[in-house]
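Read through the structure below, which is laid out as C-alpha cells, and then see the notes.
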C-alpha cells in the first residue's frame, strides 16, 4: 500500500506539520515521530475529507458575510477587494513557498540574526523588526536574538522554529532512514571491488572485462588511485572499484571493502598467496563481504591452480570443488579465458545477496576519491549507495559541503541524475573532502554548511595542541632527551588516496619512545593554514607531489616549522624512520655573506700575494669560504687564509671598509678581481 509523508500531506492541506501531527495522534491515534514519517494513504484520505468538510463550511460562512457586507457598501468594498486580492495573491505565494519548507524553519546555533530569521520566514526586515518592537525588543538587522525570542517571533507568523541538536546534526543516518520498507526497495547493481597483490593482474582483469585499455596509461602498470567503472552485462549493470594493490595503500583497499558488495580476489596462478593477498582476505572477513577468487595468469607456464586452492585453505577459504563454499574461477586476463565464467558468478552471487535500494529517497553514499583540479576546483568521485542524486542538490560530506553544479559518469559524460550503485564525479563542493567520507543529501545548502562548520570546528579543536618545536634533523636528540613523546605530522598530497597511503604507512613507524601521529591530511598545495596548524601542534609538514606557496614559506621560516616535500612516497617514510633512529644527515646550503673588489696587489716572498680590497657588500670573515671571480667567471675557490685591517688581524671586516687579505693556496690575484666570501649553512631540507 502506498504511503505519504507527513510534510507532503501538510503541504496539500495548507497546514503546519505540527498541527497535522497533533491531529493524527488525537483524532486517528496514529503515532508519528516527525514531519518525515510516512502514513498510509487510507489515513491520509480520511484526514483530507475531514479537513475539506470543515474548510467548506467555514468558506460558505465567510462568503455569506462577504455578500452581506458588500451589499452595504458596494463601491468601497469593490476597491477593498482589489487591494485584498493583491494581498491574497502575495500571501498565497508566500504560503506556497512556506508549505514547501513544511512550515518549519531551523536554527543551527543558540542565536540567529534578524536578517537570517527574516529570510527564513520570508518576511521583510521591517515586518520582523516591527514585531520585535511590539514584543519589547529593539534589534537591528544584524543583531542576534536567542532561540526563545526566535520561537515567539516565528509563532507570530504562523511558523515553528526548531533547534537542531548535536545528535541530529552528527547522525544524519537517522534523518535519512525513512522509506526503507520492502515496498520502496528496488533491485540495484552490485558493487565489485577487485583486490590482490601487486602485479597479479587486477587492472588487466578489469581491462579485459571493460574491453578498454587502461593499464597502458598507468605508470609502471600500477593503478595510482581508486577508479570506479560501470559495465553492462546481459542488460544488467555492474560497478567495479579498482583499489591499488601495493602494501603501502592498505588504507585505500580497506576503504574499498567497506562500500563493496562482492570482492574479487585476484591471485596469480604462478605466485600464489602473497602479503597483500593476506591483507585483502583479512579486510573481507572483517567487513563480512562475500569473496570470489579469480585465479589469474593460468596461461603462464608455471601456473598451478591446485597449489593456489591449497594455500587458500590455510586462510579458511575452501574452494567449492573441494567441498567448501568459496567460488574459485580460473581466468586469464591476457587470453580472456574464464572471463565469462567470472561475470556469471558475479551475477549469481548478487542475485543470492538480493541487493536492493530505494531510488526515491534522498541520496547517500561514500567518497571514493577526491582531488583539487586547477580549472574546476574541488572534484570528488562519489559512489551512490542509496537514493538518487541530482544536479542542484545540496550535500554534506564530512566537514565540507556544497551544491552540485555538474555531475559526470565514469565515461566523462555530463548527466543530470544518478541512482544507487552509480559512481559519479561531481563539482561544486566548498573544499576537497576526505576519501572514505560519507555524503548525505540535505534540503538546503545552508543546512549543509551549518553541519559542515560544526564538524570542522570539532576537528580544529582536536588539532590545536601546543608543545616544543620539532624538526627531523634534531628529532633523535629530542627523543633521547624525552622532550618529544609524539611526532605530529601534517600530510599534503596531490590526491586524497596518497594522503591515506602516507598516513597508514607513517603511523606504523610508532615506537615505545615516540608515537607518530598524522594530525591532518589534505589535498592541494601547502599553505599558510597548514603552517599555523604545525606551529600550534608542534608538527612537521610532509608534501607529496605538492609544493608550499610563498605565504607558507614565509610563515614556516618565521615560525620555525619544518617542511619536507617528496615525489616518492617511500622516501618520506624512510626519512622519518631515519630521523627517529638519529641517522638523517642534515642538508647544507651556501650563503654569500659579502663581496670585495681587489684594488691593489702586493707580492711578498715569504708570505705570497696579498690583496688590498674594498668591501662592496655584506662583510668578509676569516676562515670563511672564498672564491675569486674575474670577468664574471670563477677562477679559484678556497678559503680566506688571512684578513687584516691595517696591520691588525681582523675576525671580520664590514661593508664600506678596506682590508688586506690572502687566499689559501692561490697567489694569482689581480686588480679588479672580485672576492666572494661565503659560508655553508645547515638548512631544513625543502625537497629531495
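Numbering starts at 1 and runs along the chain as it is shown here.
The backbone N, Cα and C atoms fix where each Cβ goes, glycine too.
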Candidate ranges 288-291, 292-295, 296-299, 300-303 [criterion: Swiss-Prot lists as region 'G4']: 296-299
Annotated stretch (region 'G1', per Swiss-Prot) among the listed ranges 196-203, 204-211, 212-219, 228-235: 196-203
Around the Cβ of residue 199 (GTP binding site), the count of other Cβ atoms that are within 10 Å: 17
Reduced DSSP assignment, residue 196 (GTP binding site): strand
For the region 'G4' (296-299), the number of residues DSSP places in helix, strand and coil: 0 helix, 1 strand, 3 coil
